[in-house]
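Feature annotations, reproduced from TrEMBL:
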SIGNAL    1-18  signal peptide
DOMAIN    52-234  domain 'Aminopeptidase N-like N-terminal'
DOMAIN    269-475  domain 'Peptidase M1 membrane alanine aminopeptidase'
BINDING   HIS341, HIS345, GLU364  Zn(2+) binding site
ACT_SITE  GLU342  active site, proton acceptor
SITE      TYR426  site 'Transition state stabilizer'
DOMAIN    578-898  domain 'ERAP1-like C-terminal'
TRANSMEM  927-949  transmembrane segment
REGION    1035-1060  region 'Disordered'
Amino acid sequence: MLVAPLVLLLVSFSPSSGAQLPNQGKVKDVPIATNGQPFPWDRMRLPKTVSPLHYDLTIHPNLTTLDFTGVARIQLDVHQDTSTIVLHAKQLQVSKVLLLAPEGVRPLHVLEYPPFHQLALLSDSVLTKGRNYEVQLEFAANLSDSFHGFYKSSYRTRSGEVRVLASTQFEATFARGAFPCFDEPAFKANFTIRMIREPRHIAISNMPKVKTVDLPGGLLEDHFDTTVKMSTYLVAYIVSDFLSVSKTTQHGVKISVYAVPEKIDQTAFALDAAVKLLDFYDDYFDIPYPLPKQDLAAIPDFQSGAMENWGLTTYRETGLLFDPEKSSASDKLGLTKVIAHELAHQWFGNLVTMEWWNDLWLNEGFAKFMEYISLDITYPELQVDDFFLGKCFEAMEVDSLSSSHPVSTDVENPTQIQEMFDDVSYDKGACILNMLRDFLTPEAFEIGIIRYLKRYSYQNTVNSHLWESLTDICNSDDLIEGGMKHKEFCSKQKRQSGSAIMDTWTLQEGFPLVTVEVRGREVRLSQERFLKTDDPSLTEGFLWQIPLTYMTSASNTIHRFLLKSKTDVLYLPEPVDWVKFNVDMSGYYMVHYAGEGWNSIIKVLQHNHTALTSNDRASLIHNIFQLVSIGKVRLDTALELSLYLSRETEIMPVTQGFGELVPLYKLMEKRDMAALENQMKGYIVDLFRGLIDRQEWTDSGSVSERVLRSYLLLFGTVRNYAPCVTKATQLFNKWKDSDGNMSLPVDVTTAAFMIGARTPEGWDFLFEKYRTSLQMSVKSRMKSAMAFSPLQDKLKWMMEQSLHGEIMKTQDLPDVVVSVSRNPRGYKLGWDFLQANWHTMIKKFDLGSSTISYMVNGVTNQYSTREMLDEVKSFFGSLTEETGSEMRCIRQTYETIEDNIRWMDTNLPLLQAWLDKRSHKALHEDLIFLSILGFGLSIMFCTTFCRACSRLREEAIEREAWRRSEQDGHAPSIYFIPFPGSRSRRDSDDHLRAPRYSQEFQSPPRYSMAGYCGPPPSYNELGLKPDDLPPSYTEYNTPVCPITPPPHTDMVQPQAESQQ
């Protein structure tokens, strides 16, 4: 079934308010219903004349004919007299509509307006304010073949049998495609659900099953308990042949994990994680989880990562299934974060829900933030703090474009609502909450959010409700049971308000760049919007209240300063060598160190990088390279800072270093600049060579160490670093020779698979194992490797099969297309595929969805030429509003390519010059090293040689001395200087018995080195201390040549000793 096209309304957005504007979503002309009559409502948002109190739903899916029927009985509360009820329905065949009034049952006239997905139910008599009524609607529809609404999913068993199931995904505006409803988050109601099914299937929903009733024809009807008051997008039901495993939390909640029968053995870890995390949230929020059960279901076909349906959370199989023998450390980390996110939603989003989608961040930002808070306590071994910073960097990437939007922004139609599910709502939301927590203190923040949840339970909220709850937290009547730690905190705390600060972060788009200039004790501060643009006027008119943190070379103390104005000055107690602002990057802003500031930072990193935390080092790497893109810092300065990475070992700075350096050569790959591209690749490999060489091809170490190892060895393999290629090739060949039965170290399998996918034979073997594997994490790694193959025919085939969905799942198509597009042999294939299949994909994945945005940006964001920009604009410019021409991701794509072009035009000459200089310097250093090495080897040779010669030389000198003394008529004065390690007969303390040199022998013995004629060695070079030498010994600087043996001496060549 195809998704009906939407009429997108062009509306003007206000950056400073989340309130509904009078004209938003309003039809210019009188809307006309499908039967030609005027439709009685002209706005996208529903009227508030009536609201639902309770839904009684009966749903009967037929998994053979792939359709469903249903009956919805809705109890209504009338707020003002009306004869019209307007609600939502999308592509439903509504056949019979009745009004159940105190006066009796009567039919209602139905009008339909598909552009707004609305039904109007017209009554012959007025529905009176304050009275309760019910409407009953019978309906039917096909199961959706997209990933939204009530849709079909399937999986293939080991034996090859295809089995079908039906599942729901209603967020944000898709409940209306499953049953008639008031499909807006503020219309909360209770739901009583009945599901009709065949005996071979089971049915699950938000609440526990109360009973099962036999129906005629051998069917069964499952009755589920009535839900708590909730929004329509949280309703869920599944009909399938799943199996389950269960446990009970300490608070008495039954947790069950559902999966297809052949994968049920991969659910144990998710079950334990869900039990632990639900108990944690129950205690942390000081609000009991309100339902008797919590189900987690792994759906074979699922577009997003997971969904927080109350009491029945749904997941991709990769987000819930874990095999301890096959899943990696990264898999474990990701799976646990997803579960933590969805369970946090049971409070943030489900219990307390945003009033409208403009404040989606109150749901998603909090859930993303709570992932890290919860796992830091419940799973400290996962070291989630090492990964939070990356979320802020991802948000800034989007937020640095003029096409960004405020965290709280006006949206009206379904496409605009879908576009809110982006990095700004999720990641920026989490990062500004982290900044607020740091500003208020963790204790104050915890008290405030508990107050917020308790005050607005089962209600809807807006931005201001959160700020009110976080303001004056200690004057709250809601925290009588808040605990002793809260009382102790409040007894010491002064009133602090986050409202004035946070409005500047949620009601305007973008983020600030703080420029710091240190002059002695004086620190000059200024702020402006960080924006990647060549139009300076676009940065004007923005002002944030920024809770600055900083530390200096003089102290590890974290100092604080609230920057409220465009410029300000603070004073240090003493001059310092360096200052670092935004400590651990707890704030959502970038910092530019003007004057000599960056040079001071670079010196610290080069000489003692551990003086700064790993998060600080990662933020410095990120900030300086981003500042290059707006012309605040020269590229060569940023590259000089990157040199310190050769000594870095922590995951965040290392991965951020890759994150800033790798995109530079990725731009060149699409410009046919092989020479410079290879120079840049070589520099990165050289930079991290030492760290790569220290990695073991095992699964040992902490989670962060394992994730970093996987990253490094994969990079080394992809970049053809010989030791990595050799090892990965060995592993793949052994694995292939065992027919895939050999157990590979999990964290390095992707590197091995990458090697295998380079040949047709290896690729085919990988695909065969992909096709039959039941381990989702293994399949994911195989898919990634196959998509990075240089075999273009295989890349095309992969994309086509992913689109068709029979051999490879269509849910994986976005990842395949983006991976192929990032492949230097496939980037043009990805772009061609996106264009050719655009209309099919927007129907499958829905306009405005994060999936479509991911594909658009992922395919195009490494283009950097005018020719490609024109081609991209030509395609997207040919679309209509109904096919996506006004989507935000298209504007972001234009901006990104234009930024890439500016970067390349400005920085390519600098990059070339710096790399050339670096190459010359490296060559010079190599020559010096070789010289030193040769010098050292020569000393070794000379030492060995002189050990053999020592006795002969001493005897020759002594003989000559005696000869001359006989001529002079006095005893000889001879003194021998022992060579290091020599064991001649005059070693040890023999020299103490020898008289001083005669006048003619006062110079030290001449020193010979292979091919060298120069001064004798100093005592340091001889490995001696000054006390080891007699007073008569002095270091001569005049060149001397190899000693000539005295006459009549038989010099024997010390062959044996020299060979040793």
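Note that Cβ sites are derived from N, Cα and C of the backbone, with glycine treated the same way.
No curator has checked TrEMBL annotations; they are predicted automatically.
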Tertiary neighbours of HIS345 (Zn(2+) binding site) (same chain, Cβ under 8 Å, six or more apart): GLU308, THR313, ASN363, ALA367
Largest tally of Cβ atoms lying within 10 Å of a Cβ, found at which of the recorded positions GLU342, GLU364: GLU342
C-beta crowding around TYR426 (site 'Transition state stabilizer'), within 10 angstroms: 24
Cα separation, GLU364 (Zn(2+) binding site) to TYR426 (site 'Transition state stabilizer') (Å, whole number): 5
For the domain 'ERAP1-like C-terminal' (578-898), mean pLDDT (0 to 100): 95
C-alpha spacing of GLU342 (active site, proton acceptor) relative to GLU364 (Zn(2+) binding site), in angstrom: 10
Cβ-centroid neighbours of Zn(2+) site HIS341, HIS345, GLU364, 8 Å, sequence order: GLU308, GLU342, ALA344, PHE348, GLY349, ASN363, PHE366, ALA367, LYS368, MET370, GLU371, TYR426
Neighbouring C-beta atoms (10 Å sphere around the C-beta of HIS341 (Zn(2+) binding site)): 27
